[in-house]
Each structure stands twice: as C-alpha cells, then as structure tokens.
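What Swiss-Prot lists as domain 'Rhodanese' is 17-140. Residues or ranges marked as active site, S-selanylcysteine intermediate in Swiss-Prot (evidence: sequence analysis): Cys100.
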Amino acid sequence: MSATREREDGQDYRRIFLQDIPLIDVRAPVEFQQGAFANAVNLPLMNDDERQAVGTCYKQQGQQAAIALGHSLVNGRLREQRTAAWLAQCAQWPEGYIYCFRGGLRSQLVQQWLREAGVAYPRITGGYKALRNFLLTTLEQSAELPMVLIGGNTGSGKTLLVNELADGVDLEGAAHHRGSSFGRTLVSQSGQIDFENRLAVLLLKKQHGGCRRWVLEDEGRIIGSNNLPLPVFNRMQQAPVAVIDDPFEVRLARLQHEYIDRMRIEFEQAYGAQLGWQKYDEYLHHGLFAIRRRLGLERFQLLTQHLERALQYQQASGNSDEHQQWLVPLLQHYYDPMYHYQLEKKSQRIVFRGNYAEVREFLMTYSQNNGE
C-alpha cells in the first residue's frame, strides 16, 4: 500500500460493520479490554502506564505538556517498533482504518507517522466512541421490530430452532453461554460491551439481509455474565411466545447429547484425552455446584454421587447413559418446575404450543403473516 492510493477518513459506520472491514485500535490495552469490536486488533500508541502518565500530566499541566510527554515516552527505538507493527498491519489490511477513542490526537499522530513512512492510511472519524454509539443506536432501532419468543422446558431444542430460522437471533451464541448453570462453553465469555457490540452487528447484518422480525429464545435478562441490552429485553417482555412441548424422553436425549456427549468431545479435542477429561469432569461438577443452594444440600449430595458414578462408568466404558441417573431428577425436580413457574407468568402471551416440528412450521407461517 502506498501514499499514491489515498483513501478518505471513514465515517460510514454501517458499511464498516456490514463488511467486517478491519480496524486498528491504537488505544491503550486497558481501553481495548473494556470494550472493542470483533473486526479490530489492538496495536496501541501508548501502553497502559504511558497512557496513565500522559493523562496525569494533562490534568496537572494541560494539553501541550501532555502531548510533549507523550512524544518523549514514545520516541526513538520504541516509536520505530510500534510504527513497524502498524505498517505490517496496514500491509495485511489495505482496506482498514485506524481509530482511537474519539478520533483525535492519538489516531492523528499514528496516521502522521505512517504517512512519514510512506503509507497513507485513513482513520475513523469520531473514533471508538462514534462506532460504539452507532451500535447502541442499532440495538435500540432493532428492538423496535416485531419479535416472537420460543419457549419450552430445558432440552426442548429452543436454541436449535432459533438457528434453523433465517430471522432467528441466537442470544446465547452471541454471549458464548447457554444460559443454565451448565451453560459455559469452551469459548470464554467476553465483557458486557463486547457482547452488546457483537449482538448489534449480528442484528445489523440480519436486517441488511432482509429480516423484518426477530425470533428469539425466551431468556432471562442475564446470560452467564452478560446482561441483555435493556431495549431488547424490555421488548421481549411484551412479545408473543410459541412453546415447544416435546416428550420428556426426547428432551433428555437432547441434553445427554449436548451437555454430556458433545462436551466431552469438545474438551478432549481442545485439551487432549487426559486433560480434556479432567476439564470435562470439572465442568459437570461445577454446573451442579452452582445450583447447590437451590437444590438443597441433601439433593445436591445425592445428584453429585450419581454424577461421579456416571463419570466413572463413562470413562471405563465410553457409554454416557448412566448420566441419566442425575439428569432425570435434575429435570423433574429443578429445571421443569422452575420453567413451569416462569411460563405461567407469560400465559397470556402464548400464541402456540406443539412439538419441535409443529412450532417450527408455525413460526415459518407466523413470520409470513405477522412479520411485517
């Protein structure tokens, strides 16, 4: 990339997110960790300590002194190293943009140093703050579209159905968590801001693809450590609900496949047989431990004993059927009564009940009749 092909600074935020245009975030690492975008990489102008020193100088001595300190801190060999990293990223991402917090001094300075090295690279007008505000507005506007929720007991396949439908929005997928005490995945949950940004981009892309209504899983406000954005959650509290009523045996088989068989495979693929089994064992024990108070001490201890026997049998034989000895009472005495109570409060909003296939057919028809 050379200075002869110069692009203007960018403020078409919609295009940036729709096309996953790469972004170089020159904020300090602590700022990036607090919230950023999936299409961004952090190559900071200043590290956290340097940023703190410049910020203190700004408060005590003003802008000019702070700028001078920044230049003295990032100078000589350090400036060369960081410029080399930016140049390498610019070459890898010739269609990208630079941004800092507000599109001000930091991104302007990086832009200037790149230009001195022979590379013209545009920055985002308004910086991170403008991009973030665009996504917050997207969330608010998206929440105004019609919604329908998929309800049903644990194991009903609600998330599966959401992902089958073109206008389905997988909130749990965006949160990297499946909602229950056993809901964590091998992908760590990100912070609240990253979750909101990821969800906003997902909604933006679906609207761009023609979605005019959302199908969502009937969720609580909290998914793992992430909270649903209030505009979305508040609209969900008014949305009609289609309930999957699958037989207990069907739900049990789904849970055994998803939380037992599949998770063992995923842990062992990620960590190898020995460590993977250990982490799989810890994952199941942690899931039970997290709800021990709601289960009561006696039931928790009994289910833990069943779990440990099931793990021993599974490790020895490769057969996971023994896990039903604790999954069945967990459903019957904990998850099913809890969801029944929650669903009763939404009874006036239930528009359809049926098995998985019937709810799927209903939602496809309902989309045509009520999605505009």
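Cβ atoms here come from the backbone N, Cα and C positions, even for glycine.
Within 10 Å of the C-beta of Cys100 (active site, S-selanylcysteine intermediate) we count 26 further C-beta atoms, all protein chains included. As a summary of secondary structure, the domain 'Rhodanese' (17-140) carries 76 helix, 11 strand, 37 coil according to DSSP.
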